[in-house]
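**Student:** Annotation comment: TrEMBL describes ASN110, HIS115, GLU120 as oxalate binding site. Taken from TrEMBL, the feature Mn(2+) binding site applies to HIS113, HIS115, GLU120, HIS161. TrEMBL lists CYS33-CYS50 with the feature disulfide bond. According to TrEMBL, the domain 'Cupin type-1' annotation covers 64-215. Positions annotated as signal peptide by TrEMBL: 1-23.
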Amino acid sequence: MKGVQNFLVVFALLTLAFSLASASDPSSLQDFCVALNDTKHAIFVNGKFCKDPKLATADDFFFSGLDKAGNTSNAVGSRVTPVNVDQIPGLNTLGISLARIDYAPYGGLNPPHTHPRATEILAVKKGTLYVGFVTSNPDNKFFTKILKTGDVFVFPVGLIHFQFNIGKTNAIAFAGLSSQNPGVITIANAVFGSNPPINPDVLAKAFKLDKKVVEFLQTQF
C-alpha cells in the first residue's frame, strides 16, 4: 500500500512539473487556424476565432514591411514593429511570432520589460547592443552581454530584459518569440503609468523614494 502511495505522489509531482514546463502556447490540433474577427460561422480556439480553412488564402500567412525602418523619434529612441497574430492571422494557434526593433544612435533603448507568454531570441542585424536580463527572486542575478552584428541572445520567458544601443550609428535587431501573442509589460510604464495610478505611498515605500519623486515620475508616463 505504501508503495502505491509513493507512486501516486511521484506521479502527481511529475504531472505538475510537466504542466509548468508546458507554459508556451498549446499545440495546435489542426494544420492551421486563421484568426477571424467576425464570429459568424466560426469556432473559438486559443483566443481567436478560426476562419473556415476552405476560405483561407496566402494573404492570411503573409506580412510585408520588415524592410522598413521604424521611427525612433520618441522618448526612448527605439521602435518595435511586431509581427504577431494581429498582423498575420495565420499565426493563430501556431505559437510563434516575430518583431523588428530599431534603435537610435547611442542611447536608443528598448526599456526593461517582460513578455509574460514567451521566450525571446534576439539576432542583431546591425550595430552594437548592450543587453541583459534579471532572474527572479531571491537571486535577481543579472546576465548581460554586448552584442554585435550577427550575434544572438536569448531572454527566458517572463524575465525582465532590455536592449540599449551603445554604438554611434542606428542599430537593428530581429526577435523571434515563442507565442502568437507574447504580450509585453514595460516596467516603468506599468508601475508609474498605470490607470488609475498606484497610490504614491506604495511606490515610495517599494522603491525607497521620496513621495514627491514618485508623484513626479507618475506625471512622466
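Using the three backbone atoms N, Cα and C, a Cβ is placed for every residue, glycine included.
Any TrEMBL annotation is an automated prediction that lacks curation.
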**Student:** Could you tally the C-beta atoms, other than its own, that fall within 10 angstroms of the C-beta of CYS33 (disulfide bond)?
**Tutor:** 26
**Student:** Looking at Cβ-Cβ distances, which residues of the chain lie under 8 angstroms from HIS113 (Mn(2+) binding site) while being 6 or more apart from it?
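**Tutor:** Long-range Cβ contacts: ILE160, HIS161, PHE162, VAL184, ILE185, THR186, ILE187.
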**Student:** Inside 8 A of the center formed by the CB atoms of HIS113, HIS115, GLU120, HIS161, which other residues of the chain have their CB, for the recorded Mn(2+) site?
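**Tutor:** Neighbours within 8 Å of the Cβ centroid, excluding HIS113, HIS115, GLU120, HIS161: THR114, ALA118, PHE133, PHE155, LEU159, ILE160, PRO182, VAL184.
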**Student:** Compute the average pLDDT of the predicted model within the domain 'Cupin type-1' (64-215).
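**Tutor:** For the domain 'Cupin type-1' (64-215), the model's average pLDDT rounds to 96.
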**Student:** Pick from CYS50, ASN110, HIS115, GLU120, HIS161: which of these recorded positions has the biggest number of other Cβ atoms within 10 Å of its Cβ?
**Tutor:** ASN110
**Student:** Fill in the CA-CA distance, CYS33 (disulfide bond) to ASN110 (oxalate binding site), as an integer in Å.
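**Tutor:** About 32 Å separates the two Cα atoms.
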**Student:** List the Cα distance (Å, whole number) between GLU120 (oxalate binding site) and CYS50 (disulfide bond).
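**Tutor:** Roughly 26 Å, rounded to the nearest whole number.
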